[in-house]
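Quick look at what Swiss-Prot lists:
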{"type": "DOMAIN", "residues": "1-63", "note": "domain 'TGS'"}
{"type": "REGION", "residues": "242-533", "note": "region 'Catalytic'"}
{"type": "BINDING", "residues": "Cys334, His385, His510", "note": "Zn(2+) binding site"}
Amino acid sequence: MSEIVVTLPDGSELEMESGSTVEDVAYEIGPGLGDDTVAGVVDGELVDKAEQLTDDCELVIVTDQSDEYLQVLRHSAAHVFAQALQRLHPEAKLAIGPPTEEGFYYDVTGVDLDADDLEAIEAEMETIIEADHDIERAERSREEAFEIYEDNPYKRDILETEAADEDPVSFYTQDDWQDLCQGPHVDSTGEIGAVELLNIAAAYWRGDEDNETLTRVYGTAFESESDLEGFLQRREEAKKRDHRKLGQELDLFSIPDVTGPGLPLYHPNGKAVLRELEDFVDQLNDDQGYEFVETPHLFRTELWKQSGHYENYVDDMFLLDVNDEEYGLKPMNCPGHATIFNQGNWSYRDLPVRYAENGKVYRKEQRGELSGLSRVWAFTIDDGHLFVERDAIEQEVNVIMDQIEEVLDTFDLDYEVALATRPEKSVGSDEIWEQAQTQLRSVLESSGMDYDIESGDGAFYGPKIDFAFEDALGRNWDGPTVQLDFNMPERFDLTYTGEDNEEHRPVMIHRALYGSYERFFMVLIEHFDGNFPTWLAPEQVRILPVSDDNIGYAKQLKNRYLDDFRVEIEDRSWTVGKKIQTAHDDRVPYMLVVGDNEEEAGTVSVRDRFEDERKDVDVETFRDHLASEVEEKRVEPDFVDE
């Protein structure tokens, strides 16, 4: 039998016989690792420990100490849910039940479920877990699989699509129950330490609104009860911080039915925050020599065909028939920027050319996937596109990486970095992709950053460096990105004249410092619980006159000393206590209480939103501090602490 080379995470290599399994490799490394093996990651794909290796590959062994273990555990918990459901409701038909970032779900039909049903199903799940049934992989012929699912159109659809080339097909069994599944799974149901069913929602088969409506049951699972309890506490805190709730309470944005789903309206408070975010990155771009451009919201589809978006992205585009000609709302800004570049005659002396645009784009997400600002139809990207010579790639990407770090550090956000490689659906040659991936890997290596490889997660036109940042609740969010593109310059025939007086092809770099304003805004709302840093807050100071007699002094303070800031006067005839509480509820960073004593002395009493207070403060002293706090973009108001 032929030999294959298996590359391990530390770079070491093992020669194994073709057909060896993941578990075989683990035992070759050591008997203890072999005993502990749960699954494997082969070339970035999570697989069963019985997966046979037939070609040279990169392999990560998964044990119960691995990051991937929880994903495997939750996949098994989804099977336990499905078994429990069918024990209690044999008429239920199963669709799909994958693990998710926070747990798992299973789409089912043929049964009406409510909260009481979930309680009973959860109790049955506990029975199955306590029984500690072995979970075993089994192979069935296609004919047998179709017989098993004679009355289940969803499993038959899977057999006819994803599993169309498989014979035999993979099943997993536990006790007397089985499910069509690629795995992997833990060894027995008893490994699942704690489960909880969370909620019920509606879903469409394949995410297509034209298909049948299914019932989606969400749940989660952990190794221990304490881990589950911690998750549930964080989940409750997340509900309190939900940006949809705070967006309404703080009058930041709305998505009314009349406008359509996924189409947010920004109120003055929300737009004030967005303008600060825009000004911040615009200044960073200006400092690095970017030129600001603007492109229309729609183009002829000829442009999208030229760019490759029509071929690769048409299902996610909004298309319009205008005078018998097809147009498309732009899902990305890059083709417009490439077209602008193509209008000029460029020399190597002109490069790099850097374009920036806060450009609105439109992507047709399924209605069921839309959620607040996190998934919308219309959103704005702080897009930057650079056209550079090949030998300038690393220098430019390093500058972009510095910009991204400055943005995330400004908001005190921890982050992780990943190199996303070629997806299955892509444009361009193998040579071009390999060159692009090598360039980005070189940048990451020289930066000294720790980074992961996300195989197959690149854009269809090139590999990318992705930043994921962590919020106050420990959740990870997709954020800034840097993408190399050797393909679009080819498609648009972009050229510049080199030092040798010959035409050359520039490299295009795509870059976003936030990712999208909508998602970044959403994360900031929840990360800060609406308590934005003073420089970002829609209302930075609220002046609270003790009585109507002090309103004139309040206006004088606002107009003479604080006219450069976002300041409001609370002039309603309320008690001071109610005025303070209202300002606190509105998350205003600073409150200035002014009564007869302050007016006579020409001072203010300063309170911050943490209910700390300083009395008899000179107005100019407060103003100067406020100016420096805003200029330095400090995360917390800190005047009272000085």
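Note: Cβ is positioned from N, Cα and C throughout, glycine not excepted.
Shown here: features listed in Swiss-Prot, placed on the structure.
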residue : record              : Cβ within 10 Å
Cys334  : Zn(2+) binding site : 25
His385  : Zn(2+) binding site : 26
His510  : Zn(2+) binding site : 24
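Residues Cys334, His385, His510 make up the record's Zn(2+) site, and a Cβ search at 8 Å around their centroid adds Met332, Asn333, His337, Ala338, Asp383, Gly384, Gln483, Asp485, Met488, Met508, Ile509, Arg511 from the same chain.
Mean pLDDT, taken over the region 'Catalytic' (242-533), works out to 92 on the 0 to 100 scale.
In the domain 'TGS' (1-63), the DSSP tally of helix, strand and coil residues is 14 helix, 28 strand, 21 coil. For the recorded site, Cys334 (Zn(2+) binding site), the DSSP three-state label reads helix.
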